[in-house]
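Here the structure comes first, spelled out in structure tokens, and everything after it is commentary.
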Amino acid sequence: MATYKVTLIDAEGTTTTIDCPDDTYILDAAEEAGLDLPYSCRAGACSTCAGKLVTGTIDQSDQSFLDDDQVEAGYVLTCVAYPTSDVTIETHKEEDLY
């Protein structure tokens, strides 16, 4: 099992870096680290937890909400995203999807 550095940039521009194992969803790791990120369904079926991937790679094959264009644009649902490298994600991006 690998552990990656996940850097989260919130709506105010505050940057927090956490450790996230490759078998743990980014949202879950953030909560364990004491961060308060938006979420609703926790199943990849809505957009409440949406973020934007700045650098790195993730596996969000469990998500069912984002369309191909949104995925290609870098949007990520943190509730069903596993890191596959060190990543930087801008959080609180639900409004940008619409």
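Quick reminder: no glycine exception, Cβ is built from N, Cα and C everywhere.
What Swiss-Prot lists as domain '2Fe-2S ferredoxin-type' is 4-95, and the listing cites sequence analysis. As annotated by Swiss-Prot, [2Fe-2S] cluster binding site applies to C41, C46, C49, C79, with the evidence given as sequence analysis.
Everything Swiss-Prot records as a feature, shown here on the structure.
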residue : record                        : DSSP class
C41     : [2Fe-2S] cluster binding site : coil
C46     : [2Fe-2S] cluster binding site : coil
C79     : [2Fe-2S] cluster binding site : helix
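Here C41 ([2Fe-2S] cluster binding site) comes close to T48, C79: these same-chain residues lie at least six apart in sequence, with C-beta atoms under 8 angstroms from its C-beta.
A mean pLDDT of 98 is what the model gives for the domain '2Fe-2S ferredoxin-type' (4-95). Ranking the binding-site residues C46, C49, C79 by how many Cβ atoms sit within 10 Å of each one's Cβ puts C49 at the top.
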